[in-house]
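The block underneath contains the structure these notes are about, expressed in structure tokens.
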Amino acid sequence: MNTMKITVQKFGGTSVAGLERMKRVLEIVSRECARGNKVVIVLSAMAGETNRLLDLASQWSSDPDPAELDALATTGEQVSVALFAMLCKDAGLKARSVLGHQVQIRTTCDYTNARILDIDANTLRAMLNDHDVLAVAGFQGCDEHGRLTTLGRGGSDTSGVALAAALNAETCEIYTDVEGVFTTDPNICDKARKLDRISYDEMLEMASMGAKVLQIRSVEFAKKYNVPVRVRSTFSDNPGTLVSQEDKSMEYVLVSGIAYDKDQARVTIYDVLDQPGVASSIFGPIAEKGILVDMIIQNTSRDGHTDMTFTVSRKDLQKTLALLEAVRQDIGAKEIQSDTGVCKVSVIGVGMRNHSGVASRAFAAMARENINLLMLSTSEIKITMLIEDKYAELAVRTLHEEFELDKQPGERKVGEV
Ligand code: ADP
Ligand code: ASP
Ligand code: MG
């Protein structure tokens, strides 16, 4: 029987940016090896490197081929794992780098946004028989044509969790530049409070509303395969936050966090015909291109015409506008406008399901700060507001204060369940 104990540790871009920081990573990894565990390290590209590579592509081409974009972007992680394996060897550890096509991490062919289909765990286990440390490149895989793919921005988190699931690892740790998952982004709200535990479902909501501390797909993976994930800092010994299944000991609160997402663009189509099939003519071609549409508002009709407003990711704006231009005549639109100076702010909490009044408190708090709400949407467990992006930080801090998220749930004055 194979009694190999495997630890998976993923380190993000700031944790590997430069020799000194990688030495800190080496310390953490060596500690784990000293415990007798085999260690699979998943590394991101050094901070800023993926952006630099994608910028290069946009200088070379007005519409870069997605498969070539992936061939380019994957080099960032390749540099990190090769350098890290060198450090390990110098420290006396048996280590090697492993790329996505060597493992293999097989994915769909959706270049720049591929999904993991399966991981060849046997090959990895065989490699672990001869090594203490495998430094696996995050964010990348390969498709059925043998071409390199990437898993979407922030995708190394998903590589880490997927590897932990495939290897049935003892531990899956995501090391980053903050001490765990907080009630909101600690870099913009100094009252943000670190959570000791958070359920998969709440983490999914936070991630999908813009809290980039974990990529949303990594949380989906963790939930599906029941992998407990510890998010913690590379630069301190704080035990961080455990992301796991809900249990009775968890905080049951009305509002658990505030998330924001600046990667938003608003599109308004004026005076489209108000008749069957128009929404489908607008959103059909957009969906076919794999563009995710977020908030959608259709106004009430006047004289057989109406306005339609929705949001997309900023990177998809130009493509979206071109698709709309192509159907403009068919839908009878007078004018199409877009705006990238917007930000989405969300109040999240499973406790909202059974309680009313959260939305009105959120709106009143925004009104007190004179922040205009451009679009609104609500679901059972979240309230989302689109605002001008220059007010993003103010809105997050205001909502954090309104719902007293700096305090433990039991110490909050109003509205707790
Ligand atoms: P890495 O490079 O390690 O993957 P990221 O930059 O992708 O790190 O994610 C960590 C960042 O996520 C933090 O620096 C922080 O600004 C941001 N963040 C946003 N929301 C939260 C939150 N609720 N809790 C913790 N961090 C958050
Ligand atoms: N390097 C990739 C990115 O910047 C993946 C990651 O860091 O998770 O998106
Ligand atoms: Mg990240």
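Residue numbers in this text run from 1 along the chain shown.
Even glycines carry a Cβ here, placed using N, Cα and C.
Any TrEMBL annotation is an automated prediction that lacks curation.
Here's what TrEMBL has on this protein:
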- LYS10, PHE11, GLY12, GLY13, THR176, ASP177, LYS212, VAL213: ATP binding site (BINDING)
- THR50, GLU77: substrate binding site (BINDING)
- 267-341: domain 'ACT' (DOMAIN)
- 347-417: domain 'ACT' (DOMAIN)
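Feature annotations (TrEMBL) mapped to structure.
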residue	record	contacts (Cβ under 8 Å, 6+ apart)
LYS10	ATP binding site	ILE41, VAL42, LEU43, SER44, GLY138, SER156, ASP157, SER159, GLY160, CYS172, GLU173, ILE174, TYR175
PHE11	ATP binding site	VAL25, ILE41, VAL42, LEU43, SER44, TYR175, THR176, THR234
GLY12	ATP binding site	SER44, ALA47, SER156, ASP157, ILE174, TYR175, THR176, ASP177, THR234
GLY13	ATP binding site	SER44, ALA45, MET46, ALA47, GLY48, GLU49, THR50
GLU77	substrate binding site	LEU43, SER44, ALA45, ALA137, GLY138, PHE139, GLN140, SER156
LYS212	ATP binding site	GLY154
VAL213	ATP binding site	THR176, VAL178, VAL181, MET206, ALA207, VAL231
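Taking H, G and I as helix, E and B as strand and the rest as coil, DSSP gives the domain 'ACT' (267-341) the counts 29 helix, 29 strand, 17 coil.
Here the Cβ of ASP177 (ATP binding site) has 17 other Cβ atoms within 10 Å, regardless of which shown protein chain they belong to. According to DSSP, GLU77 (substrate binding site) is assigned to a helical segment. Taken together, the residues in the domain 'ACT' (267-341) have a mean pLDDT of 92 on the 0 to 100 scale. Of the chain residues outside the ATP site list LYS10, PHE11, GLY12, GLY13, THR176, ASP177, LYS212, VAL213, THR14, SER15, SER44, SER156, ASP157, ILE174, TYR175 have their Cβ within 8 Å of the site's Cβ mean position. Checking the binding-site residues PHE11, GLU77, THR176 for a CB within less than 6 Å of any atom of ligand 1 leaves THR176, listed in sequence order. Among the binding-site residues GLY13, ASP177, LYS212, the ones whose Cβ sits under 6 Å from an atom of ligand 2 are, in sequence order, GLY13. Candidate binding-site residues: LYS10, GLY13, THR50. Not one of them has a Cβ under 6 Å from ligand 3. Cβ neighbours within 10 Å of THR176 (ATP binding site), excluding its own Cβ and spanning all shown chains: 24. For the domain 'ACT' (347-417), the number of residues in each DSSP class (helix H, G, I; strand E, B; coil) is 33 helix, 14 strand, 24 coil. Max Cα-Cα distance over the annotated ATP binders (LYS10, PHE11, GLY12, GLY13, THR176, ASP177, LYS212, VAL213) is 15 Å.
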